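Asker: Structure below; questions to follow.
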């Protein structure tokens, strides 16, 4: 665009007495314009040629530069390359979000372009004309991660990811009514399994892979190639979990079904039906000898794994409870009400909210894992097409992952790997990076 912008800016500012004489007849209006930074250039979309305004930032006044040099980068009012995110009081050692997210901000010809926390839509489509001058992000993640590969093939949202133990295959399920089997070494799709309905969820437990479908759960053993159909669900199966030798399935009609594995018959036998939710059960997790279920009726129910009876109902969320997760002695839940709630047991044994974290958008799913240094972190997929990554328990933000559409499924892998599946049908393989040690 502005191939000779620096020269024109230099001339506008006046580089010699002859320039001053030449421009002496210009109006005050034009002089004022030449000292103003172009608003559209700051937004990364100026298309005027030539533009009467500056395509660079104005230097600081000398007095402000002097004050900044006296304060330094470490003072309370000084500039810092490390920005605080989240709620921790001790944020001095937080990593930077991106290699460009420091006090140089990534330079371009004629000035400094400050990257904004939004991914460039034109870059996603492969046709951003601004290149390094673009104010928006040209990357899928911040510098805590690296994107290893993208697995493409599904035609609709990826609703489940499974990585069975002892297997070198990755299984992904989608609402396009298929499960794809990927080779973990080559990244190639080795098989496509056509099913009779949309995949609502997937679960791997040991060598077993469970797939939630309308009115049925399919169970595959990756080692023995056993293929079982578990009947009983009414409507779509949205959630699956294993606990206390039971397989639990959350269904569209609000019922939670339980099966128990019989090693003699090599089959899963119906064991119980847990009723209490008024609408679909969309998330399940097991912890502390309890089963926790989140529903579209905005509630979480706590079930005893000994009696399979509901022992408590949690009704603090005001919209659909999308995901529940156990971490340490706490239960974490997220909702379309834009909150993540942390629940802790009281002396009576009942759960109460001990902390509420608020997002700007509805939260779709949670995934807990450890980073490259074995620190606990929480991945939160939001319906603005991002995944926020937080340290636990501080909720200090570690970074973000970006997608073309919302991420509906996440799965932990070995050796710092994790997988995400989004609304376009794309599966991505990520890896944590070891952060460089801080220099004294």
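Heads up, the Cβ atoms here are built off N, Cα and C, so glycines get one too.
Whatever TrEMBL says is automated annotation, not expert-curated.
Because the structure is a prediction, the values reported are computed rather than measured.
Annotation source TrEMBL lists compositional bias 'Low complexity' at 15-31. What TrEMBL records for 96-105 is compositional bias 'Polar residues'. What TrEMBL lists as domain 'C3H1-type' is 32-58, 114-141. What TrEMBL lists as region 'Disordered' is 1-31, 57-105. Annotation source TrEMBL lists repeat 'WD' at 151-192, 274-313. TrEMBL lists 32-58, 114-141 with the feature zinc finger.
Describe the structural context of each listed feature in the structure shown, including burial, neighbouring residues and relevant distances.
Answerer: Across the residues of the repeat 'WD' (151-192), the predicted structure has a mean pLDDT of 94.
Helix, strand and coil residue tallies for the repeat 'WD' (274-313), in that order: 0 helix, 23 strand, 17 coil [DSSP].
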Asker: Using DSSP, tally how many residues of the repeat 'WD' (151-192) sit in helix, strand and coil.
Answerer: 0 helix, 22 strand, 20 coil
Asker: May I ask for the residues of the chain that lie six or more residues beyond the repeat 'WD' (151-192) and have a Cβ under 8 Å from a Cβ within it?
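Answerer: Hits for the repeat 'WD' (151-192): 198-204, 206-212, 222-223, 405, 408-411, 413, 419-429.
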